[in-house]
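Features as listed in TrEMBL:
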{"type": "TRANSMEM", "residues": "14-37", "note": "transmembrane segment"}
{"type": "TRANSMEM", "residues": "49-74", "note": "transmembrane segment"}
{"type": "TRANSMEM", "residues": "86-108", "note": "transmembrane segment"}
{"type": "TRANSMEM", "residues": "120-136", "note": "transmembrane segment"}
{"type": "TRANSMEM", "residues": "148-169", "note": "transmembrane segment"}
{"type": "TRANSMEM", "residues": "181-204", "note": "transmembrane segment"}
{"type": "TRANSMEM", "residues": "224-249", "note": "transmembrane segment"}
Amino acid sequence: MNKKSKKSISTRRLAIIGMLGGISAILGLTPIGFIPVGPANATIMHIPVIIGAIIEGPIVGALVGLIFGIFSIIRAITAPTVLSPLFYNPLVSILPRVLIGITAYYSYSLFKKMGKKSSIITLSLIWISTLAYLGNNLINGLQSGNQLYSKTMMFNILLVLMTIFVGYYSFKKFKGDSVEIVVSAAVGTLTNTIGVLLMIYLLYGERFVSLIGGDTRFIGKAILAIGVANGIPEVIVAMIIVSGVVMGIKKNG
């Protein structure tokens, strides 16, 4: 490979890092970075990090994650809340976001080696479970008449339709060979959720629970409950969006 080719690849990767980092920053600085799913809000700010890792490797993913983390600190400073001081610490706001790109890429590489039959079975279980969760949210919303559910009903319906479309597309066009994308999206998302909450637990556990009005005698349980409530919707949204985007790129690539 000549120097010109190497420079071209380097320039391309820098452009992708800048573009995905910019998208992540916009999502982090505006309300569009959050999607209501049932009673919880799912963040999508980490999704460009996962996409960068899948299409360009762990270094690109980690650098996009670095940009995401830096803008998390900026947001904590410029739009402060009671929890913002916790995110001034790079171990909370930056480290988990850098790790997203690394775990997303290596889980993608690992599951890419999975056999055809195992891939189809795993992918089927993932999409069926996703539809079951979203369907349960819709039923609960209709039965409860809760105003909070009614506000998010359209988003849940949209997510159901997107899940059906992406699931069908993953089997029809890719013959089930997209399980690695779905798993990578899930692993990257969990890295973000677990990483941030773990750092908060280790560094600011009692303070965090106190700030959210929880019982400081049950720090671990309080943080775990938040992780489950936010983590599941975020994994679902990430799987849908990342799968759609990456499969589209691969088809046209």
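Note: Cβ is positioned from N, Cα and C throughout, glycine not excepted.
Just so you know, TrEMBL annotations never went through curation; they're auto-generated.
Among residues of the same chain six or more beyond the transmembrane segment (181-204), those with a C-beta under 8 A of the stretch's C-beta atoms are 43, 46-47, 49-50, 53-54, 86, 89, 91-93, 95-97, 99-101, 103-105, 107-108, 111, 122-123, 126, 170, 219-220, 223, 226-227, 230-231, 234-235, 238-239, 241-243, 246-247. Counting Cβ pairs under 8 Å to the transmembrane segment (120-136), the top-ranked stretch among 14-37, 49-74, 86-108, 224-249 is 224-249. Within the chain carrying the transmembrane segment (224-249), a Cβ under 8 angstroms from the stretch's Cβ atoms is held by residues 35, 37-44, 46-47, 50-51, 54-55, 126, 130, 133-134, 159, 162-163, 165-166, 169-170, 173-174, 178, 181-182, 184-186, 188-190, 192-194, 197, 212, all 6 or more beyond its ends.
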